[in-house]
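Before any comments, here is the structure.
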Amino acid sequence: MKKKTLSLFVGLMLLIGLLFSGSLPYNPNAAEASSSASVKGDVIYQIIIDRFYDGDTTNNNPAKSYGLYDPTKSKWKMYWGGDLEGVRQKLPYLKQLGVTTIWLSPVLDNLDTLAGTDNTGYHGYWTRDFKQIEEHFGNWTTFDTLVNDAHQNGIKVIVDFVPNHSTPFKANDSTFAEGGALYNNGTYMGNYFDDATKGYFHHNGDISNWDDRYEAQWKNFTDPAGFSLADLSQENGTIAQYLTDAAVQLVAHGADGLRIDAVKHFNSGFSKSLADKLYQKKDIFLVGEWYGDDPGTANHLEKVRYANNSGVNVLDFDLNTVIRNVFGTFTQTMYDLNNMVNQTGNEYKYKENLITFIDNHDMSRFLSVNSNKANLHQALAFILTSRGTPSIYYGTEQYMAGGNDPYNRGMMPAFDTTTTAFKEVSTLAGLRRNNAAIQYGTTTQRWINNDVYIYERKFFNDVVLVAINRNTQSSYSISGLQTALPNGSYADYLSGLLGGNGISVSNGSVASFTLAPGAVSVWQYSTSASAPQIGSVAPNMGIPGNVVTIDGKGFGTTQGTVTFGGVTATVKSWTSNRIEVYVPNMAAGLTDVKVTAGGVSSNLYSYNILSGTQTSVVFTVKSAPPTNLGDKIYLTGNIPELGNWSTDTSGAVNNAQGPLLAPNYPDWFYVFSVPAGKTIQFKFFIKRADGTIQWENGSNHVATTPTGATGNITVTWQN
């Protein structure tokens, strides 16, 4: 009995020591993939399937698309043999790395022929059939097996989905490639050249001005090789339904989420209606690629508006640009990094849903910008401890380099588990899993100069303090550092892996210390919660009856209650840190979610209840009054989706919709997501360049929205 008591005491003291000063080890066996919507504590690993690992050589040169494989791996735009089975075989490696979500490049059937010399759809972004798996990668059985095994290893699967376009074509050569051909589970639908009566594609030429919203969304992508990508018309009911069915099929096969390609290049109304239909099937995670449009550029507000209103989260290109400038080219300082953290925190309603990254398949790898591995380690440490969920491009932990496409898409060179980067990622993955401050917490700058950034993440009483010195030649004396860490001594969570040190804290002050050249130090504290604490509600948009996941702490093991705007929700499942509930039947609009457990209520978290199942509608107003440079036309109406008569155009949730486009001036149009089969009232207004508002005259327009996948509502401006 005395031995048992002593063992218990020693174990308790060791646990307390870990809480205050060291690393809580990452236990991959404790990971779970039960909640598709929840990625706050995850590390995402982005994989180009063809370039990861060849697990099945029998599909390298399939009969359906014979001759597209290059066994020498010297032709960078040919297939090189990676497949779904290869990803499955490397799940143990990914699990050891601490990965809890994999993001797969597009898996659906791609172009069966060459698009010019030695140019194939190896990357997956030239989809010809959205209902079949690409034969170089496997089949639906292979996909299902991968998803099942990933889930068994506590790893979620996000699939890249490409609804903007089909395949390459040349407007002056109908024999080139497949002419943009589209298939539905093997049945031919049409191509760019036999589309006169179908309207499956946009026929407005190629994009020349990428900052022009009309061109970017209603014209074709162009490729440096001299061809175009056939731009799909999401306003066409057949296409909208086809794409929606394809996305639903992926979810039905177990996908935990979708990364939606090129969301800035098709109308946002389709995005929102697609998200709604997917969320009705399952509480999954959706993230869109809105490339570029950083703060200060022409369409930055449109990106923010999209992220706040569409129900689709976005990849954080704003922060990515600054990360690469701060740690890569050194053209910006730590002040710029802190400023961007603050700006995005103010602009994005759900900043914790942003996906952060240092590089990806569309830009040069970090080590080709800066070959110093120490700076790579610093950049990784930042995204692994900052707000949002980090996405690590395959091979980064193996120090892969490579310039722009296609040279950033080399074959995975090794699966070495001893590299410093591998150890860094696996260790900080444990921190993300075990400390709610990283998953949900606020960010506060605690000490800064051009080279050093010390920031604190805090969620109630959980705290993580991070210090990064990007200067690999100079150390810095750190004094006057304040923190929310409790009194005590704290070891570096990374155990000195990146040159870090321990600290002592007394009454909110950190004893002076020297931060070594190039060093990264991480100190953390976590404790049990005495009251329910909501960190996240996901998805953050949907209709009554949908399932949503509430993540946080202190919910207890005895079921309490969850309310949406005071209306009690039915609980599906309840654990101490995760609750699943059904959205209650209540009025549409932004509402507050609250958890009550043990008679104590939580903090509030916003959720957007839709007015009903969504459909995307082309709203056109003809013969609008003359406008001048800087004037914009918006739509508002009597439902939250149209702003509830608001003239706020800031990009906040449920504000006025727009701005509209005018390729046929003075007629204006855009596509908005509204509840299907509902009678609505609406009006248009002009927001002049000086901020003044000019409303339409006359009575409100009244219309009943369509019940199908898409529709059109056209009115004339009332003078």
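Just so it is clear, glycine is given a Cβ too, placed from its N, Cα and C backbone atoms.
What Swiss-Prot records for Asp54, Asp56, Asn59, Asn60, Gly81, Asp83 is Ca(2+) 1 binding site, and it gives experimental evidence as the kind of evidence. Taking a C-beta cut-off of under 8 angstroms and a sequence separation of 6 or more, Gly81 (Ca(2+) 1 binding site) has the following same-chain neighbours: Asp50, Asp54, Thr57, Asn60, Tyr69, Pro71, Lys73.
Annotation for Asp109 (Ca(2+) 2 binding site): spatial neighbours Thr127, Arg128, Asp129, Phe130, Lys131, Gln132, Ile133, Glu134, Glu135, Tyr183, criterion Cβ-Cβ under 8 Å with sequence separation of six or more. Feature annotation from Swiss-Prot assigns Ca(2+) 2 binding site to Asp109, Asn110, Asp112, Glu134, Glu135; the stated evidence is experimental evidence.
Non-local contacts of Arg259 (substrate binding site) by the CB criterion (under 8 A, 6+ apart in sequence, same chain) comprise Trp103, Ile158, Val159, Asp160, Phe161, Val287, Gly288, Glu289, Leu315. Taken from Swiss-Prot, the feature substrate binding site covers Trp126, His165, Arg259, Lys264, His265, Gly292, Asp362, Arg409, and the record attributes it to similarity to another entry.
Cβ contacts within 10 Å of Asn164 (Ca(2+) 3 binding site), excluding its own Cβ and spanning all protein chains shown: 24. Here Swiss-Prot flags Asn164, Gln217, Asp231, His265 as Ca(2+) 3 binding site.
The active site, nucleophile annotation in Swiss-Prot covers Asp261 and rests on similarity to another entry. According to DSSP, Asp261 (active site, nucleophile) is assigned to coil rather than to any helix or strand.
A simple way to gauge crowding: the CB of Glu289 (active site, proton donor) has 20 other CB atoms within 10 angstroms, across all the protein chains here. Taken from Swiss-Prot, the feature active site, proton donor covers Glu289, and the record attributes it to similarity to another entry.
The Cβ of Asp362 (substrate binding site) has 12 neighbouring Cβ atoms from other residues within 10 Å, across all protein chains displayed. Annotation source Swiss-Prot lists site 'Transition state stabilizer' at Asp362, citing similarity to another entry.
Taken as a whole, the domain 'IPT/TIG' (532-608) shows an average pLDDT of 98 in this prediction. The domain 'IPT/TIG' annotation in Swiss-Prot covers 532-608.
Per Swiss-Prot, the feature domain 'CBM20' maps to 609-719. Mapped onto DSSP helix, strand and coil, the domain 'CBM20' (609-719) counts 3 helix, 53 strand, 55 coil.
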| query | Does anything in the same chain, at least 6 positions from Asp56 (Ca(2+) 1 binding site), have a Cβ under 8 Å from its Cβ, and if so what? | reply | Asp83, Glu85, Gly86, Gly138, Thr142
| remark: For Gln217 (Ca(2+) 3 binding site), the nonlocal same-chain Cβ neighbours (under 8 Å, six or more residues apart) come out as Lys264, His265, Phe266, Asn267
| remark: Under a three-state DSSP reduction, the secondary structure at Asp109 (Ca(2+) 2 binding site) is strand
| query | Looking only at Asp54, Asp261, the recorded positions on record, which one has the least crowded Cβ, with the fewest other Cβ atoms within 10 Å? | reply | Asp54
| query | Counting other Cβ atoms within 10 Å of each Cβ, which of the binding-site residues Asp112, Glu135, Gly292 scores lowest? | reply | Gly292
| remark: Cβ contacts within 10 Å for Arg409 (substrate binding site), all chains included, total 24
| request: Can you figure out which of Asn110, Asp112, Asn164, Asp231, Asp261 (the recorded positions) comes closest in space to Trp126 (substrate binding site), comparing Cα atoms? | output: Asn110
